[in-house]
Each structure stands twice: as structure tokens, then as C-alpha cells.
Amino acid sequence: MARGCLQGVKYLMFAFNLLFWLGGCGILGVGIWLAATQGNFATLSSSFPSLSAANLLIVTGTLVMAIGFVGCIGAIKEHRCLLLTFFVMLLLVFLLEATVAILFFAYTDKIDRYAQRDLKKGLHLYGTPGNVGLTNAWSIIQTDFRCCGVTNYTDWFDVYNATRVPDSCCLEFSESCGLHAPGTWWKAPCYETVKMWLQENLLAVGVFGLCTALVQVLGLTFAMTMYCQVLKADTYCA
């Protein structure tokens, strides 16, 4: 009986981790594709220049693949050490995500102030050599969200030491339109505009987060159940 239960859990866990591993492959593939084709689109942060979408996806994909691989081998080999390693790795990731989420909601105001200061600092790197990624990122944000600057268009005055903004701030784009009067520029602050867009899509973000948590809890349940079944089977055989 114990052996039959073990076989059932074994194949369920293997299938789960195979899908987990394939998901990691997909995330890693997208990250590599972004790094190869969209390498110039980097981060808006001057303090964390490596914190780009491509790098985050590559790290996440690699981590998911590693955890899925350990789970697959542990399940198919019925290896107690690998099953326990899989459980501990997944539990640490789950606890880290929960901690980050709690700290984010607890210190939202402080994070907002720090983010705005860091973004304003990054504006001074706009258009400078070696910062093509940051320049492209700001141009895309301002064009797509129809905004200008972090808190308002005057943020750019300190960058240029003049009453001008990048051409991506213009209501109607044209060469050197950023030198025209303020009436021809977007007035909305980019930070608040993007923040409002995220809040409007909070349901989708929440559903994604909930699904991620459920998958991780399911993985932890599979791992612990199989670990217990392996112990039971070993005890029965002995």
C-alpha cells in the first residue's frame, strides 16, 4: 500500500517539477532574448544599473530551472536528500517573497521617496555616453505614458541648466521640440502616472502573485508528502 502511494506521488511530483523546469526555461529564454535584442533598454535606476528586465528574467529563470531540476531528480530517484533540498530551496524562495511583499507594503512611503530621489538622480545620466539604455528607457516611458520628468517637467531644467526638456516630452514630436514653450510639453508626472497605471492593473498583479504562491505551496506539499512516503516505504521494506 505504501509503495503504491509512493508511486502515485512520485509521478505527480515529477510532472509538476517538469512543468516547473520548463517554465524556468521559458523565463530564461525570454531574458536572453531581451538581453540580445533589447540590450539598449536597461533600467531607470542610477543606483542599480544592472537591475534590468532582462537580468531579472535571466536570474529568475535560472533559479526556477535549478529548483525544478532538483525536484525532478529527487522524485524520479526517490532520493530523500534531494527531496529535502528541493523543499528547503522552495521554502526559502517563498519566505523571501513573503518578506519582500510585507516590507514593501510596510514602507511604501519611504520606498516612494527613495525611488523618486533615485530617478531624479538618474535624469542627469540622460543622453550621456555609456547610458544609452537609460536614455531609451526614459524616452519610451515619456512617449508611451504621455508624461514628462519624475514629478513634473521642471525636473529636466536642472539636467540641462536651461528651460528645456527631451523631445520625448513633446505633445507633438519634432526635432528640437523640447526647446519650445512649456505649453507644447506633457504636464503629467511620470512617477505618478506609472504608479496609477500599476494600481489600475492591481487585480492582474494580485492574481499573478496568488497563482505563484499557490504553485509554490503545491510544490512544498508534494515534496513533503513524497519525503514522508519514501521514509514510510523504507521503514516498511526494512
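Every residue, even glycine, has its Cβ placed from backbone N, Cα and C.
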According to TrEMBL, the disulfide involving Cys169 connects it to which residue among Cys148, Cys177? Cys148
Other than its own, how many Cβ atoms are within 10 Å of the Cβ belonging to Cys169 (disulfide bond)? 26
If you count Cβ atoms within 10 Å of the Cβ of Cys148 (disulfide bond), leaving out that atom itself, what do you get? 28
